[in-house]
């Protein structure tokens, strides 16, 4: 059993989603958004750090998965996003959580089956995969999708490692 915290970083709204994985079974534990209503960036970063730390304390995840930075058209926005990611990652590292990063395209490909999927498609598939009664908020859905992606990627890595181990054992005999 593993608990995964997914984070969709943003300097104004940071989505989070927490799921439990037992084998191939995924269970929704919680999700939401950290909203920073203050104007100055340092105060927003402090709120993101405090919010992520609180979520980690509440859910006690085993893994921390976050979206990678994409190249934005606006350099200022990309820098602010990078800083928001940074404080979220520091919150995880301070709690000694292993950090995994996934590209937005990989997340959409994993959850929807199309790397260029729309936000509404991600919301719908997250709702379906986690058997939720309604679509989660967009940022929370993205965070849940990141957590789901981590589950699928880690499951595939474990299967590949097991196959290689079995192959190596076969060669050693």
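Cβ atoms here come from the backbone N, Cα and C positions, even for glycine.
Database features (Swiss-Prot):
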type: ACT_SITE; residues: 8; note: active site
type: BINDING; residues: 8, 139; note: Mg(2+) 1 binding site
type: ACT_SITE; residues: 67; note: active site
type: BINDING; residues: 67; note: Mg(2+) 2 binding site
type: ACT_SITE; residues: 139; note: active site
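Cα of residue 139 (Mg(2+) 1 binding site) to Cα of residue 67 (active site): a distance of 11 Å.
Neighbour count (other Cβ atoms within 10 Å of the Cβ, all protein chains): 25 for residue 8 (active site). In the three-state DSSP scheme, residue 8 (active site) is classed as strand. Residue 67 (active site) and residue 8 (active site) are 6 Å apart (CA-CA, integer value).
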